[in-house]
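Down below is the structure, laid out as structure tokens.
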Amino acid sequence: MVLMQDKGSSQQWPGLGGEGGGTGPLSMLRAALLLISLPWGAQGTASTSLSTAGGHTVPPTGGRYLSIGDGSVMEFEFPEDSEGIIVISSQYPGQANRTAPGPMLRVTSLDTEVLTIKNVSAITWGGGGGFVVSIHSGLAGLAPLHIQLVDAHEAPPTLIEERRDFCIKVSPAEDTPATLSADLAHFSENPILYLLLPLIFVNKCSFGCKVELEVLKGLMQSPQPMLLGLLGQFLVMPLYAFLMAKVFMLPKALALGLIITCSSPGGGGSYLFSLLLGGDVTLAISMTFLSTVAATGFLPLSSAIYSRLLSIHETLHVPISKILGTLLFIAIPIAVGVLIKSKLPKFSQLLLQVVKPFSFVLLLGGLFLAYRMGVFILAGIRLPIVLVGITVPLVGLLVGYCLATCLKLPVAQRRTVSIEVGVQNSLLALAMLQLSLRRLQADYASQAPFIVALSGTSEMLALVIGHFIYSSLFPVP
């Protein structure tokens, strides 16, 4: 028998799922609760009514001592992200013996992403007995159970019976419009975001004033730096993410989130870092724009290839509207800045004076927002994805710099290529995951872009501070 308790339910099950299998009044209370619950126990996939065995002292036909319900159903449905119990009846002789210790039951979920076993406790009722298994469902999927009935009082312990034919099917919960709108409000109604938007626009206009049209024409004639950026962003980084997912044995959802993050184009903050670290700003803006355009083709291609290698079959939706919005958010203020530079040179000089302070304020504000927004998604995060996420920006910086060094590019361009490969547009990855996966899976997979974004911003901020300190101590003559 399978009993369910959804999150937020007011129904309580005292005495079930506790540690140990006591006797006396407590076991009688457990038995009474189980008998009361029989008429509305959960159903299996065949919609068969389940009942608790009466506790025979001889094994049934086929030599099976353990059963769930009447033994006719092997697969049981359960909603995702819920608590509940499984009642396993035991017809092993001596199971209901109240004077001598009975056998022990070991239950293992063979897919812990889908189902986790919290504890197992023995119970007795009437002339029979069994076990209550407390479970917690996670992501939607199918979790086979490995059940072992062991006589732990023998030396060595004796395996009485082993079963692998039961499984729990965790069904996805539907996303309600109210929940979705609440989530959107959580991310979009932050007052700090609205305070930063005017600064972002002015800052991008200032970057437009930094664009050198002659340098831009030269890049069109010799696009090697921009091609290096595409190579690092869409070939090397996704491959690195796939290898790390295999090395650290990341769950499929996390692995997919990491690969999509590493397949994303350069982030809008990359040319901000190029400015603060002495890179080529014109090249940085050009590379960010080009990689964002290329992402409309490379992002779905990379995601499809690695999803197949990971045996993930969800249909992935590329957020074209987000990509177009990113392109416009780059192109319009940059174009305004170029126009200001040509028509209003004095105002252009004023913007150039404030671009670095504005950039630093935006960097701190963006880092603060990222930490605030990631609190809920990053709850319960595990060490492997943290370690991998920390290495992604560092490896990207190293790959980009090595590629640029191989072509003997100027130092400023080497820094820019390095930054473009090392700084991903994690918001695009986040949008793609939220559009493609169900809510619980999407939030789980979204840990990867959040960790990469937080790590990248923190590491780049450390580089900027280190660069300022070094420049102050050892100024270039």
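Keep in mind that glycine also has a Cβ here, set from the backbone N, Cα and C atoms.
Per Swiss-Prot, region 'Disordered' is recorded for 1-21. Annotation comment: Swiss-Prot describes 225-245, 253-273, 281-301, 320-340, 361-381, 383-403, 417-437, 450-470 as transmembrane segment.
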Stretch-level contact, the transmembrane segment (450-470) and the transmembrane segment (253-273), CB cutoff 8 A, at least 3 pairs: yes
When counting Cβ pairs under 8 Å to the transmembrane segment (253-273), the leader among 320-340, 383-403, 417-437: 417-437
Region pair the transmembrane segment (383-403) / the transmembrane segment (417-437), three or more CB pairs under 8 Å: yes
